[in-house]
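> Please find one structure pasted underneath; my questions will follow.
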Amino acid sequence: MRKSIVAGNWKMNGSRSLVNEFFTLMDGVNKQAVEVVICPPACFISDFQGVDFALGGQTMSELDNGAHTGDISAEMLLELGCRYVIVGHSERREDHGETNDMVAAKAAKALAAGLTPIICVGESLQTREAGELESFIAAQLDALTATLSASQLAQAVIAYEPIWAIGTGKTASPEQAQQVHAFIRSHLAAFDSNAAASLPLLYGGSVNSANAQELFAQTDIDGGLIGGASLKVDEFRKVCQAAG
Ligand SMILES: O=C[C@H](O)COP(=O)(O)O
């Protein structure tokens, strides 16, 4: 039985007063049934001390330390109380030129340090319309399997986020999302069938309280990576309840 996970990615949003609103997030959420994670901007992570959900970084360096202005290391995230870290979000790939190999290196570093990476993959509309969806995602996954061992992969989480559905209000239909999730699982099975069967696959892209239940009910969808809807505590609570 795979773990259900709902992770909220605040991106470059939020404030200390928003953090305070989230201390009631888990009221009415079944903690046994769903693992809830909040990934706020790094400067707010320590303000969440004492919450009853998990915390994650939005990115991290593949390096240990040194002269890398603005970067944050796995050890630093751990010291702030994080258990998760998002790596390879399409916004990081686009804004900061993160390549498939860099994303794989970050995932490997996170796992070695004891963080669970939520590794993002997903295609643009142009790639989908060109009929290259599967080869594009396969290349993203192949970089991971070239770097991670099967046992490392089994400890990771993968989030499928079609770029055209992020922040656009255009959600992939449950069938479209399920189809890609099944592809991801079968592609990874060629590398290691146990890891492929056990790792949680999250869907991200305009998930909200109205569409979460149907998406999360799909066979290969084990929860979500939520952007906009994770910024309102009542709305995000409903999304978490839909997974548990
Ligand atoms: O990390 C979260 C995703 O990019 C989804 O964002 P969204 O829910 O605002 O579409």
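Easy rule for this one: first residue shown is 1, then count along the chain.
Just so it is clear, glycine is given a Cβ too, placed from its N, Cα and C backbone atoms.
Feature list, courtesy of TrEMBL:
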{"type": "BINDING", "residues": "Asn9, Trp10, Lys11, Gly167, Ser206, Gly227, Gly228", "note": "substrate binding site"}
{"type": "ACT_SITE", "residues": "His89", "note": "active site, electrophile"}
{"type": "ACT_SITE", "residues": "Glu161", "note": "active site, proton acceptor"}
> Should Gly228 (substrate binding site) be counted as helix, strand, or coil on the basis of DSSP?
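Where Gly228 (substrate binding site) sits, the three-state DSSP reduction gives helix.
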> Can you give the largest Cα to Cα distance in Å, as a whole number, for the residues Asn9, Trp10, Lys11, Gly167, Ser206, Gly227, Gly228 that bind substrate in the record?
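The substrate-binding residues span at most 14 Å between Cα atoms.
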> Take the C-alpha atoms of the residue listed as 'active site, proton acceptor' and His89 (active site, electrophile) and report the distance between them in angstrom, rounded.
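That separation, Cα to Cα, works out to 8 Å.
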> For a quick check of packing: other C-beta atoms within 10 Å of the C-beta of Gly227 (substrate binding site), how many?
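Looking across every protein chain shown, the total is 21.
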> What other residues of this chain sit with their CB within 8 A of the center of the CB atoms of Asn9, Trp10, Lys11, Gly167, Ser206, Gly227, Gly228, the recorded substrate site?
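Surrounding the site, in chain order, are Asn13, Ile166, Ile226, Ala229, Ser230, Leu231.
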> Starting from the Cβ of Gly167 (substrate binding site), draw a 10 Å sphere and report how many other Cβ atoms land inside it.
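Its Cβ shell of radius 10 Å holds 12 other Cβ atoms.
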> How many other Cβ atoms sit within 10 Å of the Cβ of Glu161 (active site, proton acceptor)?
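Excluding its own Cβ, Glu161 (active site, proton acceptor) sees 26 Cβ atoms within 10 Å.
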> Near the Cβ of His89 (active site, electrophile), how many other Cβ atoms are there if near means within 10 Å?
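A 10 Å sphere around the Cβ of His89 (active site, electrophile) contains 27 other Cβ atoms.
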> What does the structure give for the C-alpha distance between Trp10 (substrate binding site) and His89 (active site, electrophile)? Integer Å is fine.
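Distance (Cα to Cα, whole Å): 12 Å.
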> At the Cα level, what's the spacing in Å between Gly167 (substrate binding site) and His89 (active site, electrophile), rounded?
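Counting only the Cα atoms, the answer is 13 Å.
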